[in-house]
Every structure is written in structure tokens, then in C-alpha cells.
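Worksheet: the structure to be examined is printed underneath.
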């Protein structure tokens, strides 16, 4: 009973924060003219700071600093006078710590690159095309999962699973060809996000089950992604003209231009966006730890369908009948894929 309540609460929170984050991202980029790299930097800084507050304690920081000093060979210069001298007996332990640190750095570096890429590419897609179109492409993730699994792992796929991908691909083609807001940059970014996210999810699931909690994985990957993003952010911001202070603190959007939040402070909205993104990411890892990959895929598909409908209503996107039909076919194909995977021997 407790597990059922926890799963229901986690999924509900995942849905709510996903809706809020998507709508606020689209609003900030489309109506407040915030650049994708700036918004991505805000999100990564927020997750790193909130994750540090939740994950690290002062004792952890001291312990990590001591381990780092011992690994790089400076322990003899800074050790406590009362501590025992370093002997050959300690070398094996230090070597083991070094290997553990290197393995952790490689793991977090890999997932950090994946996460940084999905955040930036997802925001680029959202900037160039309608939110409903971006979510439709993301809903076709099973199609890309099969391709990635075959190319990277040589994993064979049951004929029923392959058959279920036909409506997924067909619906995606129909949506792309009839979408009024179609843009090759936005489309390519959304597809690339799908492929990278498939790789990231498989690797993250393995780490969650073996070495890290959801909050730890969230913090370490965010910190790694932030370190990788910082040079790019500084380089791109240096080429842009600085925003006047009035653009940040004053109201810049009229009621006619914005579908919601017509009067709001940009700094407050950026802070809220970072907080929502952090909560969404942590809850997503929690849901992933509770449920099987197939169940997560089903839950995620339903979330995509709801987001598509909500974004159309909120932003007033013009959607043709063929686009609606293509979206429905794509979502139906995803449900068939999940059913086929659950019955695959």
C-alpha cells in the first residue's frame, strides 16, 4: 500500500512539474526572448546548487577533500601530526580509491555530457517549433530506442515490436509533413534529443540500481554538465549585446503577446524555472527507480499526450486535422510498442 501511494505521488509530481517546466520554458524563450543556452545554464546551476544542499554534508566535503589529496600524493604535506605515517600498507587502499574516483568521474562525465546535450537541444527545439510538435517527436522515443539498442548493443527485436514501430514512424512522418510550425533546426534538435536521451536513460538506470541514489545522480550529473556548459555559455554571451537592466526587472510583455503571466519579473521566473526543472529531474529518477522500463515508457507516453493537448490549448497553436491524426497514430504506435515489449519472451 505504501509503495502504491509513493508511486502515485511520484508520477503525479512528475506530470505536474513537467507541464509547468515546459510551459514556462516556452514562455521565457518565445515571449521574454531568453536564449536557450542562458535558460540551460540557469537550470544546470539550479540543479547543482539544490542537489548540493540535499546530497552533501560538511563531513562529506571534508572526506572528499582528504580522499582527493591522498590520490594526488599530497597527503604527506597536510596530514595531522598525530596521524600515523604513510606506509606501504596504505598504497593498495589509495590505489583502490583512485580507481573508484576515476570510474565515478568517467560515469558522471558520460551522463553529464548526455544530460547537457538533451537540455540544450530540447530548448533549441522548443524555441523553433511549437511545443506540441516537440512533444510529438519526443513521444516517438521507442522508435529510436530500438535503433540505438541494435547499433550499440546488437540487441535483436521481436517481430511484434518491429511491427509496432510502423505506426510510430508513420505518425511522425505525417505530423512532420503537415506541421504548420515545421522548422528543420527544431526538428533536428528534437530528434537528436530523442537519440541521446535513449542512451542516457539506459545508462542512468544501471547506475541507479548499483551505486547512486536519485538525488546523488541528479547532483553529480548536473555539476558535470554545468562544468562542460560554462565555457560555451561564456563564449556565446560574450558575443551578444548585454541586456539593459530594464529588460530584466521590468515588464516587457503585453497582454496581447503573452498567453499567460503577462506581468512578471524575469529574474523571479528564471528562479522558478530552475526550481521546477530540478524537482522534475529528481522525481523522474525516483519514478525510474520504482517502475520497470516498460511501465515508465507507458507512463511517459501518457504524459506526452497530455502535454501535447495542454500546450495546444495554452499557446493557441494552429493544428491541422492531419497533424492531429498523425499525433494520434504516433501515440497509438507507442502504446502498441509498450504492449509488445511487455509480452516479448
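Quick reminder: no glycine exception, Cβ is built from N, Cα and C everywhere.
Feature annotation from TrEMBL assigns domain 'Sugar phosphate transporter' to 9-338. Residues annotated as transmembrane segment in TrEMBL: 6-24, 105-124, 184-203, 321-340.
Counting residues 6+ beyond its ends, the transmembrane segment (184-203) has Cβ neighbours under 8 Å at 107, 110-111, 114-115, 117-118, 121-122, 124-129, 133-134, 137-138, 140-141, 144-145, 147-148, 152, 176, 288, 293 in the same chain. Within its own chain, the transmembrane segment (105-124) is flanked in space by residues 25, 29, 36-37, 39-40, 43-44, 134, 185-186, 189-190, 192-193, 196-197, 199-200, 203-204, 207, 211, 217, 220-225, 227-229, which lie at least six positions past its ends and keep a Cβ under 8 Å from the stretch.
Mean pLDDT, taken over the domain 'Sugar phosphate transporter' (9-338), works out to 73 on the 0 to 100 scale.
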